[in-house]
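**Q** I grabbed these lines from TrEMBL:
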BINDING   Glu74, Asp117, Leu119, Asp120, Asp247  Mg(2+) binding site
Amino acid sequence: RMASPALLMRVVASAYSVAEKAATIVRNVMSTGDLGIVEKAGPNDLQTKADRLVQMSICASLARKFPKATIIGEEDLPTDDVTEELIEDGHCEEILRKPCPAQYTGIKEEELVIWVDPLDGTKEYTEGLLDHVTVLIGIAYGGKAIAGVINQPYYNYEAGAGAVLGRTIWGVLGIGAFGFQLTEAPAGKHIIVTTRSHSSTLVNECISALNPDTVIRVGGAGNKVIQLIEGKASAYVFASPGCKKWDTCAPEAILHAVGGKITDIRGNSFQYNKEVKHMNSAGVLATLRNYDYYASRIPNTVKESLVP
């Protein structure tokens, strides 16, 4: 008889199903037409009913199965009023069948930190830019992002009636990443993906220093990393504070699982232990390939303006 799957693989397999449930909630809230929008810090920092319900669903579902893990979600919410219909108990069998990388077989539940962004790209969600929206569940151990799940609730939404809506991408360091077609950006082209709603002089100064052929402005950190792994962009550059640990943990694990690299603008890697501050205050630089090319061209003035 097979030994029971390692804890990490059970967490990822559960997170996969939990993310699929989250996507259903996101679509249901949108279809009711009442998003229940609340401004948090301002008009670019919004929270909807979907952010609230999805976070309760993800955190409560994972906490029930893995009570000793630390789960950190974006929204500040009460945890006691979660209804049973928000709980997802399933798991993805295919993930459980994959062997756990040897360096992670001994992980204990209390050593895991799970970073949850229930709805990355909230502003775009409220504006109907549905393909920008992702649900992010990142799993960290020893301060490093080691596994992640990204669900796109509206993947394929422009494909018309009968198309299967939504997809789930997952990855584990040492295994790889699945649920998409890994593609490199066109050789010799410098296509930069950056923020859509959090632009600034510094953001733009940094991009122009890289002399890009094209600049794509989209919402959501999850969405931007997907642009990298699907070959639509060659670098994700964001020279500004604003991105948080729950935005980068899941995408980082997936990007690193396929040989990419993500750091802050100054080249420091992100830390994901539970005591860490939530803000990635020195911005983001990420690529699937050719990281050094972009890193070497970030102006010192930009680096000096961003303090980790």
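Numbering starts at 1 and runs along the chain as it is shown here.
The backbone N, Cα and C atoms fix where each Cβ goes, glycine too.
Tell me about the setting of these features in this model.
**A** Within 10 Å of the Cβ of Asp120 (Mg(2+) binding site) there are 27 other Cβ atoms, across all protein chains.
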**Q** Looking only at Glu74, Asp117, the binding-site residues on record, which one has the least crowded Cβ, with the fewest other Cβ atoms within 10 Å?
**A** Glu74
**Q** Take the mean position of the Cβ atoms of Glu74, Asp117, Leu119, Asp120, Asp247, the recorded Mg(2+) site. Which other residues of that chain put their Cβ within 8 Å of it?
**A** Asp51, Val116, Pro118, Gly121, Thr122, Thr134, Val135, Leu136, Gly220, Ala221, Gly222, Lys244, Trp246
**Q** So if I measure Cβ to Cβ from Asp247 (Mg(2+) binding site) and keep only same-chain residues at least 6 apart in sequence, which ones fall under 8 Å?
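**A** Asp247 (Mg(2+) binding site) has long-range Cβ partners Asp117, Asp120, Leu136, Ala221, Gly222, Asn280.
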**Q** Taking the Cβ of Leu119 (Mg(2+) binding site) as centre, how many other Cβ atoms lie within 10 Å?
**A** 29
